[in-house]
């Protein structure tokens, strides 16, 4: 069977099929890393395998694109260490935005196409974190956050170490994002990799099995809930609840595609050994593979609060945003507020691409999280004696999260301003009005955590 026939049989383009084959190939290629001798050999293998799979997936030009942010990051570390983090951040994002605009990557992905911009997005975060951590290496430990202490780089990585870190094939296409310090310790057999390592094979098979289920569900659901339906006359004829139900199913259908992609990435990182993150504290310790994990499927679908979503969806990018944007916008001695949340979500939107749908989704998500926090504060203000009332508030927060998340996700999927507003307006902007209403109501009905009154001594 040729490529055209194979692509037609699963309903994708030849370009997407070629990418999928190379993407799945990251699993055996990552396994082979384990048997490469010497640290230098492992760095060369990591870089060369990433370059080769990129070439096979996207063509020669992809590696030229990757070279630009890599050069920016390494040159800034070599020439201007005190400012290398901020230089790499802004120039790296500028180049990524230029590629988003030139390739119109969002439209390509929406129409079933593929290009190297997705891999460039992951690479951009890696070179930025490397530069910022090298910048942090100049600072005294006092006053640094735990993440800064853990990840900071005292010495500049060599060029081959840098290339291996940037292009390591297991995470090059779709993440997860990881730190340079972890990559170096993994390659050198230091830190948690300096002791006897657990077998990765059972965890790898679990991730592959999960990927198969997710792909099967996506292929089954996507013909039934096409995104084009939002602008068709039949959609406008439906009642409110049917429209809302369709938004929920369209959002859930799209998520299964991401679950598949991240499950394959998880398998690649686990089988290489890089995904290992320590042992549980149980009586019978079990290995943890958190470094490879990018999504908790049940955590997303059954989230009790919108605040939990960044902790279970695109986990490693959310962690990156927290360490390199959110926390660094908080002044010493101050607490983070809505500004830090909105700024972080804006950076995330720009990282995805300059589409109105992305912008609206991430502004919506900031409102969604802020509204969920209001419900949680009201819940905490209720006496524990009123357990039933507290449980009702938990359920309300769950329903709120389901409603607003899937409403907001429409913008992320359809991208254009017209289609996003059409979909939002079809359900009377309920997913915008409710969070804004909750935020405003929190000023009228403020809540403080319940504290039991001390008993008077008799």
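Here the Cβ of each residue, glycine as well, is placed from N, Cα and C on the backbone.
Annotation comment: TrEMBL describes 6-32, 44-66, 86-103, 198-221, 258-279, 358-376, 388-415, 427-446 as transmembrane segment.
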Checking 86-103, 198-221, 258-279, 388-415, 427-446 against the transmembrane segment (6-32) for Cβ pairs under 8 Å, the most are found for 258-279
Where else in the chain does the transmembrane segment (86-103) make close Cβ contacts, counting only residues six or more beyond its ends and a cut-off under 8 Å? 65, 68-69, 72-73, 76-77, 80, 115, 117, 120-121, 124, 127-128, 130-132, 324, 350-351, 353-354
Quick one: do the transmembrane segment (258-279) and the transmembrane segment (388-415) have at least 3 Cβ pairs under 8 Å, skipping pairs fewer than 6 apart in sequence? no
